[in-house]
Amino acid sequence: MSYSVMFALLLLTPLLFSLLCFACRKRRLSATRTVTVLHSLGITLLLILALWVVQTAADAGEIFAAGLWLHIDGLGGLFLAILGVIGFLTGIYSIGYMRHEVAHGELSPVTLCDYYGFFHLFLFTMLLVVTSNNLIVMWAAIEATTLSSAFLVGIYGQRSSLEAAWKYIIICTVGVAFGLFGTVLVYANAASVMPQAEMAIFWSEVLKQSSLLDPTLMLLAFVFLLIGFGTKTGLFPMHAWLPDAHSEAPSPVSALLSAVLLNCALLVLIRYYIIICQAIGSDFPNRLLLIFGMLSVAVAAFFILVQRDIKRLLAYSSVENMGLVAVELGIGGPLGIFAALLHILNHSLAKTLLFCGSGNVLLKYGTRDLNVVCGMLKIMPFTAVLFGGGALALAGMPPFNIFLSEFMTITAGLARNHLLIIVLLLLLLTLVLAGLVRMAARVLMAKPPQAVNRGDLGWLTTSPMVILLVMMLAMGTHIPQPVIRILAGASTIVLSGTHDLPAQRSTWHDFLPSGTASVSEKHSER
């Protein structure tokens, strides 16, 4: 099968199911059942197709389709795998969550059709970001993710959710406009120096000629790009949309926003980071990333300590973790880059679990207020264990996966003489740990309210959490070889732009859990 057919199936599947879900609005009597079946089929096909494309790209190194317009390499493969897995799990969770909302009159069957329609449309726009090799299409796809997900944020039609949706649209549209300025600067400069100016629209072609780009223009372009796509990533001080959107959206949408959408913007930023490092060196980009990253971690850490809304707390944790990824990229080097990519994966798993858990809390307690949400171990013990495990993982406790990427970060920072940054980072991560542990202790063990019915929710709202917790434990103790292969391929691409590739073999694979280093070493020898 040709790559063009493969990409067409991948991109058109969520778009087709989006249209079918919207069409179910006309089947008023059987809309709920029909749209649920369509949704289930759509997310299953998406998972299969995404993993198929990732496997194909890993075997081939990189693949192109539609000329040079569509492209998946090792870096894109990592983000596509995350999108496919998280899209599937949040899709499964959505079935149980939305069934409860419809049964209790929070949503009508017609609105449920709208929800699933926009859910698949949102997946399509994020797929377009990940697979696009065209700089302008990449930017347009980022903008499209805002529009498609804004409807999901405001799906309940309440004043607070509509305000959050409009705030999200306005801030991200203004922010991403800066990204367009940076994109135009890169394109215009590339078109003036490349033998074929029309090829300057393609990222892979610009990368080949990036050493010819004007350093002054690229320095300015990176400032615009960091502000623009950093807004969508949730970096401070452009993060103001994120807490409101995450807290007001339905919980499965909150999980998608945090675990996939932020990654999409980060992927675009990393792709430009590679080009800019080739053009002007890594010192200036790394310095900016360290500044924005540390500010994001610092501000988020203090907000995590004082939050009393469980979903807003998790939203600020997303700001903190995106800041930490920026710090890891800013530290640089083979270990720092690998830690950043590993942390992106780890954060996606942990945050999806916790937003699903917070959704179960909201369904059971009817509130997100941490002064009311207490005694989960007595109210719904199975969910409580899963939620507690997710909270410990997000806090960076062993043997969970985030401990490994944070340990790599500390080691990379010390190895590259960033002692002050590492000391400050450790202090801030201690504050985050305190905030998350305090939240978990209160939610799990405080005296439960008498009016709340006891008993866990259905398997549709707990099975995704089980899968995620198992994956996090596996990633913290013995990372599967296919995952190592994807991470190694992604880190190789980023390192090729920072000129640190020759040192790769002797650094990051030594920090992996026992039994997983061998495959990474084989990959680095290719």
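Backbone N, Cα and C define each Cβ position, glycine as well.
Swiss-Prot has this to say about the protein:
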- 4-24: transmembrane segment (TRANSMEM)
- 34-54: transmembrane segment (TRANSMEM)
- 75-95: transmembrane segment (TRANSMEM)
- 122-142: transmembrane segment (TRANSMEM)
- 168-188: transmembrane segment (TRANSMEM)
- 217-237: transmembrane segment (TRANSMEM)
- 256-276: transmembrane segment (TRANSMEM)
- 286-306: transmembrane segment (TRANSMEM)
- 322-342: transmembrane segment (TRANSMEM)
- 384-404: transmembrane segment (TRANSMEM)
- 417-437: transmembrane segment (TRANSMEM)
- 457-477: transmembrane segment (TRANSMEM)
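Touching of the transmembrane segment (417-437) and the transmembrane segment (457-477) is ruled out by the presence of fewer than three CB pairs under 8 A, sequence neighbours closer than 6 excluded. If one looks beyond the transmembrane segment (217-237) by at least 6 residues along the same chain, the residues whose Cβ comes under 8 Å of a Cβ in the stretch are 142, 145-146, 171-172, 174-183, 185-186, 189, 261-262, 264-266, 268-269, 272-273, 275-276, 279-280, 284-285, 288-289, 292-293, 295-296, 298-300, 318-319, 322-323, 326. Residues 31, 34-35, 38-39, 41-42, 45-46, 49-50, 52-53, 56, 63, 65-66, 70, 113-114, 116-121, 123-124, 127-128, 131 of the same chain lie 6 or more positions beyond the ends of the transmembrane segment (4-24) yet place their CB under 8 Å from a CB of it.
Long-range Cβ contacts of the transmembrane segment (384-404) within its own chain (Cβ-Cβ under 8 Å, at least 6 residues beyond either end) map to 317, 342-343, 345-347, 349-351, 353-354, 357, 360-361, 376-377, 429, 432-433, 436-437, 439-440, 443-444, 462, 465-466, 468-469, 471-473, 475-477, 511-513.
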